[in-house]
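The block underneath contains the structure these notes are about, expressed in structure tokens.
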Amino acid sequence: MKLKKFLLRYYPPGIILEYIRSNGQGESKYIDLLNLNPQTDVDALVDQILLEEPAISQSRKPQLRKLILKLIEKLQTNKNQRFELFKTLKAHILPLTNCAFNKSGDRFITGSYDRTCKVWDTTTGQELHSLEGHKNVVYAIAFNNPYGDRVATGSFDRTAKLWDTNTGECLYTLRGHQKEIVCLSFDTNGFLFATGSMDQTASVWDVETGQQVCSFAGHTGEIVSIMFNTDGDKVLTGSFDFTSRIWDTRTGLCIRVLEGHSGEISNAQFDFSGDFAATGSIDHTCKLWDVNSGKCIETLRGHTNEVLDVAFNSTGTKLVTASGDTYARVYNVLTNACVGILVGHEMEISKVSFNPQGTKIITASNDRTCRIWDSETGECLQTLEGHTDEIFSCAFNYEGDTIITGSKDNTCRIWKDTA
């Protein structure tokens, strides 16, 4: 095998090696650097990679070192980062349901009770396309990142649709669910996407053909959360039947049933490695699971009300939970210890996520504000105010310098780092 070139993956940090085989076929290999940080001994790491990857010659050592230094630089955010309101978009005539960025962050989408999904230019705030055709609420939306040339929408009309982002054209209408579609997710390669429904089933669809690849049946309550692992060979579903399930996308079979909660599941997430999963529940707890065995590693307690959202950081070392008790809690995944309690909201927190670098956390609350927190200290760094109704959706872009917030006040706001 001959090494053709290096590519960088910033979040989580890693290097992609592109090889050419002797038969002329191309192949990629990922070197995950999940423990990379500003204190890393770069020279020792370079030597270790050269030892483990014989196809990388000594002559490439300076280039490899330079790439690792660039990754470390990307992991550090501006300490004085300050987000200011850039645009308020009167996005829809009825309340929004969700919003999401494409990978580069130059576009985002909003779904709404008005039966449409809209595509927006982040830089100008201009509406690029209105994706119309659903006969009921557009509840679940996603880009096929990393490409961003397709959008999937899931609706209360029991159908999903696949759209061309550049033209706004509907490519496929996907039928098969018997009740409302409430969650959907693309795999990390953007080749497949999965839908979860109140009919207690999930389906996997081929992005290129619009055909159903497989269907997952087994839950006895509606499916409210769905996610692919990084490799794309497993899907994690969370259900109102108090369980989560892990499915094989190649066979359609259930591999593991994650049982133990005493209330409905609100969200279920894989970490980046795909070795761990986290489930948040109405029973006030979050559980951490070993994916391979299906065993519960730890029950994370401390909330005094429903856990409404859970999120890993990009490297899977930390987990954050959001609750109806007005607090978010940060956990160290390796020790299961609570390392921070985010105190400041006056009403329930419905959405929480890390920035790509893992240095900050954003929370969306019914108190009409979003807050940005330091993930290490738990300090509230900034409160984003101005919405006139509860905020149910918030997201960082890939660079971590732009935020979108969606509210029941029918508006979406773009916030940009001005520091």
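Each residue, glycine too, has its Cβ placed from N, Cα and C.
Automatic prediction, not curation, is the source of TrEMBL annotations.
Here is what TrEMBL says about this protein:
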- 89-130: repeat 'WD' (REPEAT)
- 131-173: repeat 'WD' (REPEAT)
- 174-215: repeat 'WD' (REPEAT)
- 216-257: repeat 'WD' (REPEAT)
- 258-299: repeat 'WD' (REPEAT)
- 300-341: repeat 'WD' (REPEAT)
- 342-383: repeat 'WD' (REPEAT)
- 384-419: repeat 'WD' (REPEAT)
Handout entry: Average pLDDT across the repeat 'WD' (131-173), rounded to a whole number
Key = 96
Exercise for the section: Run through the repeat 'WD' (258-299) and tell me, per DSSP, how many residues are helix, strand and coil. Expected result: 0 helix, 22 strand, 20 coil
Fill in the blank from the handout: DSSP puts the residues of the repeat 'WD' (216-257) at 0 helix, 23 strand, 19 coil
